Amino acid sequence: MEGADKEKLGTFQSTEKVDLEVKNTTKEKSADPKSQKYPADPKIDFVLVYEVKEARQDAESEKERKSTREKFEENLVKIGLEVRNGPQLQKHNIDYRTRLITCPFHILCRQAELHQIRKPILHNDFFEKYHPMKKKIWCKLMKKLPDEVLHRINMMKYFYEDFKENKLESYFGADDRESFFTTAEKSRIIYDILLRTRFNDKEQKKIEFGIERLIQEEVYHACFPLHESLRQEIGDEKLEEMNDREVLRKYWTNFSNWNLTQPLDLVQKYFGSKVSFYFAWLGFYTQSLVYMAVIGTLFTFVGLFVAIFDVPSSQICDPNFGGKIYLCSLHQHVAGSRIRKFSDNCWYAKLSYVFDNPTTILLAIVTSIWATGFLEKWKRFYWRLKYRWQLLGHDEIDDLVRPQYQFKYLKNAPDINNPDDSQDYLISDLRLEKVLKMSCSYATAAFFVLLVIAALIGILVYQVIVGHLLAHFDYILSTMVISFTGALLNFIFIMCMSRLYRFTAYKLTEWECPMTQIEFDNQFAVKIFCFEFVNLYASIFYIAFFRGKFNGAPPTDPEDYDLGPDYWNGLRVFGVRTAECSQAGCMVELIIQLFVTMCGKQFFSLVMEILIPTCFRLYRTRSFQEKDDTLLPKDENSIVVENFLLNPYDEQHLFNEYLEMAVQFGFCAMFTATFPLTPVFALINNICEIRADSYKLLEVFQRPVALVSNGIGIWRTILDFISRFSVLINGLVIAFSSDLIPRMYHLLENNFSLETYWNVTLDALDTNLTEFRGRTPDNVTECYFRNDWKKIDHRWYVLMVLRLAFVLVFEHFVLAVKRILAWLIPEFPKKVSALVKYQNYRMKKDFMAKHGDVNVMHLAYQPGRENPKTVEYQ
């Protein structure tokens, strides 16, 4: 019942959203459709599609479907909608027939009042009286839209109120009935009617209703509102000669305008607030990444500079130091392989220090502050958008019950014919049943998490086996092959498991049958995010915190691993030592895993997001043939066919986009200190993502219903969790994955010198004690191994205490800074508060003026005395 989820959101959230076409809706000058220079589209508000096969074996079922369609459409006509035949298409032996729906103006007025759609009723003179409104672009790299695009829909020009049919003539633009309600508002109103209309009038079947259930039962094939027509060749036509879709294609989806601010008001007018909030958040997040990309690049250059003067890594590269030190084998060698020199790790050591130096602590603090600042600034921008898009007051409490919920529980009600209205709004599910369902769902999620862990262990075994096979090859080459192939296998597993679990989680959430769409989206989002969190980050956490730290000292022979009481023998997986990091540390392996997992997934997904829908659309265009027996006008026929051939819009489309960006935000917040170029790759991806997503919505997919949303929903809570959790991860990575703590401790012990750092970090072992030594030069009698996690002595305990102390101090300090920053940035902007107060004042004043009381009564509140500052908007 996937389509049913989209429906609810349209129904419930349609109670507050307001779209507005101010350009054509004014009392002073209403728009005349005949004066529009761009071609007017046919008056079709919605399209229903059903299939007719030439030779159906189930003739009885087809007859029942036809009867159900007729009854459903008959009820639509009773409600007041106009339903007529549309064009027909054919694919193989199946006819696809369309039914075109138009909603008369009086029905639109009735439903608009029911859904509390807001319309402009007063001119907003706030800025004229007090301060002019300035357009602010807080990211200087972004170019502002042309004024004619910004003024095409100026939502701050008016004050709005909930539409009342008896006050129709009081609203701006009411004399132009064709454009008073936008196409987005019409689609939402009609879709709500389609969701609630019964298709069986029998008393015992009053619970049978809704277009989504009819689609599920194959009575209908699809339903969708129409896009505005899109001319392929516009040329140099002026803006007023283009419709909204053409304007959006020119200034929004065009990749050449990658640094142009998004026309969010026009997006909201055309697609509704659910879609526009996603693009507003994505644009805001992308702009904030500009600062972190610059900071990360600067820290990378600083790392490159300080790596030149780093003593320990320079000693590794020194032929007279690293070239004379031979490293003990940590795994059994293949016959003929040679023992490795310490200098073989030269470029590993230098590269590690580029990203693992004292400035990493500062970058971790800056990253945590950035994450908090971004979320706090978004909250303020969110409130400005809610006011601008007339969503203040929209509350999730007002969401209606999902028809699936109504159907499931009304069906089992003791008396479904009871006319008591309370049956139409069921308060809650049975608690015991709800607990059992939730328990089964999360048990399934736990099973999938265990699968991820099992796959991770399998990759570890693979790396051990490949390490043995490549032992006689070049050390650097073999290490790179092991790292990249292991990361690639993990990436493939991640992608496969994501698709499998997403399908399973959706079915589980449907089985739980939440009461409202908000509850459905929240439960589904939590399941998916928890799994993706483990699926994507497990391998990274393993490399950062576990890889090579539990192997113990090098083995002396296959049977005896004991080097003495000071050394830990380590753990084995099926009797085999797991993969080790380079002797220069695990930072390079961690960076490789980050790069493959984050960049590989994002850019692969981006290409697939464009390529697959485009190919599927081409397939639909070539596979369907239009039948010539239609009597519709040519323009009406062509626009319906054009829209039908577009890809069906998936109601989970935005969910997938939010999930992808939330995971990316996790990478940026948790691992920028480890890999400072993470925000750079995220920024490049997001610039392409905005244009790719807008292109798909505008030209590849059928037009989604203009659903209402109260923001980004549960994702705000998820992002806040990531921001807080990232503080702990940053502290743990610096303390346990990098060499910062051991180096700083050595500096304090040795008069701020690192010349003897390797003297205490490496331990010697007689090469005659181990069978795993490989081919050793005749003059070499000792090999060395790193003792960080192998030698349990006084130094190990001191370092462990320092590591834990650092995590504790770092976490508390950064969390305190985040708390102070959140306190300093108020969530609700004072400027929006001033506008709301002034609007209330104007409404009261207008009401009193209509009753002749304005000259004898004084309003107690004058918001102008607060002298509010200039309101800035994007």
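Count begins at 1; order follows the chain as displayed.
Placement of Cβ uses the backbone N, Cα and C atoms for every residue, glycine included.
Note: TrEMBL annotation is automatic and uncurated.
Note that the structure is a prediction, hence the values are computed from the model and not measured.
Under the heading compositional bias 'Basic and acidic residues', TrEMBL lists 16-39.
Residues annotated as domain 'Anoctamin dimerisation' in TrEMBL: 43-264.
Residues annotated as domain 'Anoctamin transmembrane' in TrEMBL: 267-836.
Feature annotation from TrEMBL assigns region 'Disordered' to 1-39.
Within its own chain, the transmembrane segment (289-309) is flanked in space by residues 139, 141, 350, 353-355, 357, 359, 363, 366-367, 370, 668, 672, 676-680, 682-683, 686, which lie at least six positions past its ends and keep a Cβ under 8 Å from the stretch. Under the heading transmembrane segment, TrEMBL lists 289-309 (among others).
The annotation transmembrane segment is assigned in TrEMBL to 360-378 (among others). Sequence-distant contacts of the transmembrane segment (360-378) (same chain, six or more residues past either end, CB-CB distance under 8 Å): 281, 284-285, 288, 291-292, 295-296, 299, 665, 668-669, 672-674, 676, 716, 719-720, 722-723, 726-727, 730-731, 733-734, 738, 740, 810, 813-814, 817-818, 821-822, 825, 827.
Among the features that TrEMBL reports, transmembrane segment is placed at 440-463 (among others). Here the transmembrane segment (440-463) has Cβ contacts under 8 Å with residues 482, 485-486, 489-490, 493, 497, 500-501, 504-505, 508-509, 511-512, 527, 530-531, 534-535, 538-539, 542, 573-574, 576, 578-579 of the same chain, all six or more residues outside its ends.
Nonlocal intrachain contacts for the transmembrane segment (475-497), taken as residues 6+ away from its ends with a CB within less than 8 angstroms of a stretch CB, comprise 340, 344, 347-348, 448, 451-452, 455-456, 459, 462-463, 466-467, 535-536, 539, 579, 582, 588-589, 592-593, 596-597, 600-601, 604. Look at TrEMBL and you will find 475-497 (among others) tagged as transmembrane segment.
Long-range neighbours of the transmembrane segment (524-545) within the same chain, counting only residues 6 or more positions beyond its ends whose Cβ lies under 8 Å from a Cβ of the stretch, are 441-442, 445, 448-449, 452-453, 456, 459-460, 487, 490, 494, 497-498, 501-502, 505-506, 508-509, 581, 586, 589-590, 593-594, 597, 601, 655, 658-659, 662-663, 666, 670-671, 674, 713-715, 718, 732-733, 736-737. The transmembrane segment annotation in TrEMBL covers 524-545 (among others).
Long-range contacts of the transmembrane segment (796-817) within the same chain, counting only residues at least 6 positions beyond its ends with a Cβ under 8 Å from a Cβ of the stretch, are 361, 364-365, 368-369, 372, 724, 727-728, 730-732, 734-736, 741-742, 744-745, 788-789. Annotation comment: TrEMBL describes 796-817 (among others) as transmembrane segment.
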PLDDT averaged over the residues of the domain 'Anoctamin dimerisation' (43-264): 83
